[in-house]
Amino acid sequence: MSDQNPTAESAETQSKQKQKKGPKFWLLILVPALIVLGGAWYWLSAGGSQSTANANYQMARIPVASQISGRVTEVFVHDNEHVEKGAPLFQIDKKPYELALAKAQAALSQARLQVEQLRASYKAALADEKQAADNAAYQEKQLARQEKLIKSGTTTQQALDQQRTATQAAQNTLAAAKQKVASAKVALDGNPEIPVDEHPSVKSAIVAVNDAKYNLSQTEVDAPTDGIIYQAASFKAGEMVGAGTSLFTLVDTSDVWVIANFKETALTHMQEGQSATVEFDAFPDREYHATVEAVGAGTGAEFSILPAQNATGNWVKVTQRVPVRLRLDDGANLDGLRAGLSASVTVDTASQPRYKRILDKANSSAAVAGTTEQGQ
């Protein structure tokens with residue numbers, strides 16, 4: 001028969017089991033608690049971020065057009081070809097514009113010749129005026145002489161009348177000569193010493209020549225920037241083109257950005273200058289860094305061709321999206337990226353930790369409540 005007490009043995013066994021289970025029990029309690037506390041602290045200390053998969057890659061598109069009309073004689077590029085700034089794209093028939101330049105140059109020569117003729121006419125008018133002035137002075141002297149002679153009775157009334165007529169004719173001739181000089185001076189723009197190329201008619205002809213030269217230079221259309229030719233497969237030599245008509249597109253590879261359409265509820269703390277990460281569906285192994293460049297001035301629906309009209313009885317509230325423009329950081333690997341590629345964007349909106357925003361909001365609410373109580 002055993003000397004040990006069964007009750008004591010049972011208590012000892014339970015004590016040993018508690019000692020064995022103690023560490024496990026506390027681990028089961030502490031580990032989840034630490035995880036929860038750590039997650040809560042991370043959430044409160046972090047500023048938060050906003051993500052969307054509704055984003056795409058954008059590249060500036062430049063419509064290629066000719067500034068003049070004419071027939072295309074040669075095309076130097078093909079669809080999807082990469083070109084550099086200044087590279088020739090196509091050629092328009094030069095002949096009509098060469099003829100126009102020759103005509104303008106001939107008109108310029110004629111205008112210069114006319115100015116020289118006006119100068120000569122002015123000098124001739126001055127000479128005629130001087131001659132008429134001398135003759136008028138002579139005739140006036142003769143008239144004065146005849147008037148003295150008639151008083152002394154040494155001349156006839158007929159001679160006096162003839163002299164009066166001659167004097168009046170000389171004065172009329174002088175007046176006409178002066179008018180001719182004035183007209184010649186006006187024809188020289190009021191300045192008889194004006195340089196030939198400063199005369200208005202010559203300046204107008206020079207402008208016409210420069211315009212013709214410019215049009216001739218525009219018969220060869222060059223690439224305005226580096227880029228890729230797009231939608232030019234059907235553009236061929238022999239085609240007639242009009243001034244300003246878009247012929248194909250040049251995709252500017254130096255001007256790229258990302259448009260991310262965020263829900264309106266994600267814009268609370270989003271602002272220019274915040275950092276972001278971008279991942280393209282076509283290249284999931286690449287991560288791009290970007291910066292928020294601008295937040296759209298309105299929702300996509302607001303600026304659509306047919307904006308939604310919600311002034312009806314059956315209105316359903318729909319969360320709107322606002323386009324946010326992001327600029328990829330310098331040095332980003334753009335190889336393989338094409339306009340319109342889908343992307344996922346995450347913007348770090350950590351303007352300040354969440355707990356600070358919560359405290360600021362609480363303090364603001366308390367201040368409002370205190371002001372209300374004082375008012376009562």
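Here the Cβ of each residue, glycine as well, is placed from N, Cα and C on the backbone.
Taken from TrEMBL, the feature coiled coil covers 101-128. The feature domain 'Multidrug export protein EmrA/FarA alpha-helical hairpin' is assigned by TrEMBL to 98-219. Per TrEMBL, the feature domain 'p-hydroxybenzoic acid efflux pump subunit AaeA-like beta-barrel' maps to 257-347. Residues or ranges marked as transmembrane segment by TrEMBL: 25-44.
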| task | Could you put numbers on the helix, strand and coil content of the domain 'p-hydroxybenzoic acid efflux pump subunit AaeA-like beta-barrel' (257-347), residue by residue per DSSP? | result | 3 helix, 40 strand, 48 coil
| field | Mean predicted confidence [pLDDT] for the coiled coil (101-128) | value | 95
